[in-house]
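Colleague: As annotated in TrEMBL:
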BINDING   K5, F6, G7, G8, Y230, R235, K260, V261  ATP binding site
BINDING   T44, E125  substrate binding site
DOMAIN    317-389  domain 'ACT'
DOMAIN    398-469  domain 'ACT'
Amino acid sequence: MLVLKFGGTSVANAQAILQIAAVLKEKAYPQNMVVVVSAMSGVTDMLVSCYQKAVQHDASYHEVIQQLETKHMEAIEQLIPHSYQIDIKGKVKLLLRELEDICQGVFLLDELSDGIKARIMSYGELLSSSVVSVAFKHQDLPNTLIDSRDYIVTDNNYLNAKVDQKKTFALIKERMADAALTIAPGFISRTETGKTSVLGRGGSDYTASIYAAALNAERLEIWSDVDGMYTADPRKVKAARSIKELSYKEAMELAYFGAKVLYPPTIAPLVAAQIPLMLKNTFNPSHKGTLITASPAAGQNSIKGVSCIDNIALITLSGSGMVGVPGIAMRMFKAVATQNINIYFITQSSSEQSITIAMADQEGQLALQALTKEFAQDIEIYDVDPVNLEPHMSIVAIVGNGMIQQPGIAGTMFSILGSHSINIRAIAQGATERNISIVVRGDDAVKAVNLLHDSFFLAKSEKQAEAMA
């Protein structure tokens, strides 16, 4: 059993879908495979635009739905013989009519709950999986189309739902037909009460991981438009190169710190079942990509990658009245948590006089207000200083299992950045020593990533070349 997931660019148009068919035929088809597909590239953003326009009483959401119809009909006309188009065109029109009815309700009633947002966003994957399934049948790839909402059960957090793995795994094992090829929409799921939920942007990776773990797959393959995971974001670092092998933990760290090729929660279901994960390029299938396992082959470089999260706000709580007072950190985190703010980074001075946290820039003001309210009395009596907010920052992280055995990496990192006048605003390192994270001004982030990449990758390559010479 193989599980393969194809992202939005891999199903973006007829030519891309034909390329997927070619990839599957190379997999010694027929063998048992589950293929999970994302919405066509750009479609989820179009769906978000639909509900945003509808709730603002902007009737141009009709035009967006028309664009969605055109996009999918063009693919159908290029992929499927004319005499076989009527059924799939009818299904696409039916789905889009449902979508239009929901948006019309939002427009008229001025109501837009998270549940309605999830329903609207689900149509991207419902449309793409329907088109892909029929297209494959006309490429000599007979298949069974399923609806992932019949299998994946979640909580009521509609837009970033948490999967109930016990119930989900039981349903997959019980209901999944023993078909040679199954097509499943990614991203979408359902709550206990049967309402549509979604697994967060990028959640199709997670969908595929859930299927792989439940079915004890031989391997999960995630296919996108890049050659696996890179040593840095190639859009920021021209010298970035693909990584041959990573451990699960290294991949989780890199994904968390901004490696867009992989949705962070994807790896967790694979770890318990020890299922290997391959990251491959749909448009360059001969490239080996990146293999992610529990115990990858030892590499020559202790650092596997340099990652970056942009648009970060840094908040610092400080004051002499915090020293030796239990519960300060708890109050801080509770105040932020009640606003559903996700914290990316935490550091505390050993003197206990300050705690610094980082979150998304757009949540900075909300966190500032929550903390100012929580510590109002402490600030009034000067035990705590006014809460300090620094927007427009970036987190830069270096990741690698090999850092555990190699001293001096942090020193090299700080020396390189200091010599180029890049000020480090905060530092954090986990007890696992698998990553070192720093916060710098957003304007310095690209420069910092390039300097660190040059130092840990290019300099090492040059030394190896000299040794071989």
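Residue 1 is the first one shown; counting continues down the chain.
Keep in mind that glycine also has a Cβ here, set from the backbone N, Cα and C atoms.
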Colleague: Could you tally the C-beta atoms, other than its own, that fall within 10 angstroms of the C-beta of K260 (ATP binding site)?
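Modeller: Around K260 (ATP binding site), other Cβ atoms within 10 Å: 14.
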Colleague: If you count the C-beta atoms lying within 10 Å of each candidate's C-beta, which of the binding-site residues K5, R235 ends up with the smallest number?
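Modeller: Across K5, R235, these binding-site residues, the one with fewest Cβ atoms within 10 Å is R235.
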Colleague: Rounded to an integer, what is the Cα-Cα distance in Å between F6 (ATP binding site) and E125 (substrate binding site)?
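Modeller: It is 11 Å, counting Cα to Cα.
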Colleague: Take the domain 'ACT' (398-469) and count its residues per DSSP category (helix H/G/I, strand E/B, coil), listing them in that order.
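Modeller: Taking each residue of the domain 'ACT' (398-469) in turn, the totals are 42 helix, 13 strand, 17 coil.
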Colleague: According to DSSP, collapsed to three classes, what secondary structure does T44 (substrate binding site) have?
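Modeller: For T44 (substrate binding site) - judged by DSSP and reduced to three states - the answer is helix.
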Colleague: Around the Cβ of T44 (substrate binding site), how many other Cβ atoms lie within 10 Å? Please give the count over every shown protein chain.
Modeller: 23
Colleague: Could you put numbers on the helix, strand and coil content of the domain 'ACT' (317-389), residue by residue per DSSP?
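Modeller: Once the DSSP states are binned, the domain 'ACT' (317-389) shows 32 helix, 15 strand, 26 coil.
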Colleague: Measure the Cβ-based neighbour count of E125 (substrate binding site), defined as the other Cβ atoms within 10 Å of its Cβ.
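Modeller: Within a 10 Å radius of the Cβ of E125 (substrate binding site) lie 30 other Cβ atoms.
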Colleague: Including all protein chains shown, what's the count of other C-beta atoms within 10 A of the C-beta of F6 (ATP binding site)?
Modeller: 28
